[in-house]
Structure formats: C-alpha cells, structure tokens
Amino acid sequence: MFLLPRFVLVSCIIGSLGFDNPPTNVVSHLNGDWFLFGDSRSDCNHVVTTNPRNYSYMDLNPALCGSGKISSKAGNSIFRSFHFTDFYNYTGEGQQIIFYEGVNFTPYHAFKCTTSGSNDIWMQNKGLFYTQVYKNMAVYRSLTFVNVPYVYNGSAQSTALCKSGSLVLNNPAYIAREANFGDYYYKVEADFYLSGCDEYIVPLCIFNGKFLSNTKYYDDSQYYFNKDTGVIYGLNSTETITTGFDFNCHYLVLPSGNYLAISNELLLTVPTKAICLNKRKDFTPVQVVDSRWNNARQSDNMTAVACQPPYCYFRNSTTNYVGVYDINHGDAGFTSILSGLLYDSPCFSQQGVFRYDNVSSVWPLYPYGRCPTAADINTPDVPICVYDPLPIIFLGILLGVAVIIIVVLLLYFMVDNGTRLHDA
C-alpha cells in the first residue's frame, strides 16, 4: 500500500496535464426515456404551419421534431393552460423530464384580476405552481391535464370575475351570487370529484384582502373537504388592505376522491382543471431551462425560484436573449443548451451535465447518474486531489500486484541469465 500515495500523485499530475471533463451548460438525458415540455421555441408543429418553414424560429434542433418526446405550444405555458381559458393539453411521459416554458405568463403580460389588483401576486402564484410541478415530476413519469367535474345545486352560474386583456381565469371557477342573497355574507357548497390519476395538483385560491362591494368589505374564505378521508384544506383572508391585493393561490397535491368546496363568505370557488400525475418512478431530478424574453420585455425569475436541488437542475444562458428569427426566437445560447438533447450523458449535477463518468476537474454537486469519482480542487497554493476512495484503493491494489509480478519476473530472468553466464 506504500505505492498508493505515489499513484495518487501521478494521477493528479496526469489529470491536470491531460484529460478534462468539465460540466457543460446543457440539458440532456441518460437514455431515450425522456420528455420535453415547451412553447414556441420547441413547437415543431408551429413551424410546419408557417410559410415558408423556418426552423430558426426554434431553439430546439429540428432533428428532434420526429422524436415523439415533445409537448409544446406556441404562445402558451403549463401555468397559463392550468388557470385560463387559453388552453393547451400538455401531455407527456418519461423518466427524465425537461421543461422549457413559462415565458408566456410574465410581468410583460401584466395580468391582475381587477384594476386595483397586483401582478406581483400572480408572479408569486407562478412560482408556487412550478414548485409543485417540478417536485412532483421528479417522482412521477406522466403529466397531463384533466377536467374536474363539479355539481352546484344552486341556480347561479360561473362568472368571469377575474380577467385582464385576453386572459380569462376559469380555474378555479367563480360561482356567482344567488339572486336571493342581498350581500356576500353567506355559506355555499359544491361537490367535485377527482378520479383516474395517482395524484392531482389543484388550485385553492382566495382574495387576501378586504374585498369591497356596495360599500361593504368582505373577507374571503375557501375550503376543500375530502369526504372520503375527513381531511380539510382551507384558506382565510388575513390581510386588512383594501387595494393592491389579488388572488392568492396555493397548489394542493390531492388523491382521488369525493370533495366538497365550501365558501363561508364572498364567492364560492371550485376547481375545474387539474394536473394529472401518473406512474410513480424512482427519484429523478427534472431539468429546467430559463424561459425569458429579450431584455426589451420584462421577464421574471419564478421558474428559477421554483427549481431547486435536489429535485431540479436549472440551466440558463449568461447573455441577453437575442434571436435570429426575431429578437425572441432562435437564440444561440439557448440553442446550445438544448443541443444536449441530441445525445445521452451519464451524469447530471447542479453545475451542469458531465459527458464522461471517469474523472473531472469539478466535483459534482447533487449528482445523479454515473458520475465522475475524482476532482482537482485548486487552493491558492497547492493543487489537491480528492477521490472516491474505493475505486482508488482497488486500483492501488491492482498496481501493487502488477509491480510484484514485474519484480518477480525481473528476478527470475536475472537469476536465469546469471546461471547461463556461469555455465559458459
């Protein structure tokens, strides 16, 4: 074992002078069991319908268009489809999930429920929503949308209370006040049902502030009650502000079952759509590519806030988004990030994707897959090598055995040669 320190030293020298395996700023996959969710920057169908076809519109390599591993829609996002009438049924399945969408609901759209509302609250909602999506897609293979049927026994219909520009909220639905109620101080209920999926992401939302109607202020109060298990989920307004508040949403992960939506004050809300989560899998971190505009439009960082290790790896370009088709489509930096989908890679980490699994100049943080076992850690004065000890000990033993064999062979031939000279 006296050879081990020398072996480590030699390995350090060889590693520092020769082979390098740095993490690369791409999204990739271990094998063919992967899926990408996106928008126009990866929507092959959108390019096909343009005349003439111009694949520079996308950041995705066109070679992946026929892979069957992409669910993307120009002008949309999973969050936008979840809450609003502008809907696309994102559907996909894979062990390794990649997201490159979210830009189609940003401060640039300036959405708020009412004229005195707050877009900041909707950015907060976006972050909370994607946190649940990313966490759950690290343990589920399949994502799609399902409609949530509900039964309300009153005569009032759902109302488009929350809308701004072209966006109209329809999840959750608002049930209008019954004609025989003089104000909003009343209790009302509706049944809804979740079936067919392993789990569901559903919204539970309230106006967190004093809601003014006909000179009266109301505190919002909403609950969901699982009639099968007895579990209740609820939110009550706690803020005393009268302006600058908006629709605060929590995103619940619920099992199948029969539920009761309950409002104790203001309007009843009931979920109409849910993210359907199916097919449990071994924990596999998702990968998220930053989805933002050119700097001429205001973007947000909510997907970055939502994407945290160990369940998520975040990839971003260091420069402004500048497309070649137009300023918001076909950026070289993001095209480079997506180029990793063209090949398999053995190791993923917070710093990036490793192309090889032997050694690297960077120790992988939050590693997943077959990752490098060694790294050069450079201090200001002395380079130090840190290794996973088991393979190094094993290699040291093999090297020691090899040296012993060589020494034995040398001694054998030296003795044999001496005997021959003596005989001569």
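Cβ coordinates come from backbone N, Cα and C, glycine included.
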Checking N104, N316 against Swiss-Prot, the one recorded as N-linked glycosylation site is N316
C162 has a disulfide partner in Swiss-Prot; which of C65, C113, C249 is it? C113
Where Swiss-Prot annotates a disulfide for C205, which of C197, C249 is the other cysteine? C249
Which one, C65, C197, C371, C385, is listed by Swiss-Prot as the other cysteine in the disulfide with C276? C197
For N301 (N-linked glycosylation site), the three-state DSSP class is coil
Sort the recorded positions N89, N153, N236, N301, H329 by C-alpha distance from S40 (active site, nucleophile) and give me just the closest. H329
DSSP helix, strand and coil counts for the region 'Esterase domain 1' (7-127)? 40 helix, 18 strand, 63 coil
How many whole Å apart are the CA atoms of N236 (N-linked glycosylation site) and N89 (N-linked glycosylation site)? 31
Of N54, N153, N301, N316, N358, the glycosylation sites given in the record, which has the fewest other CB atoms within 10 A of its CB? N153
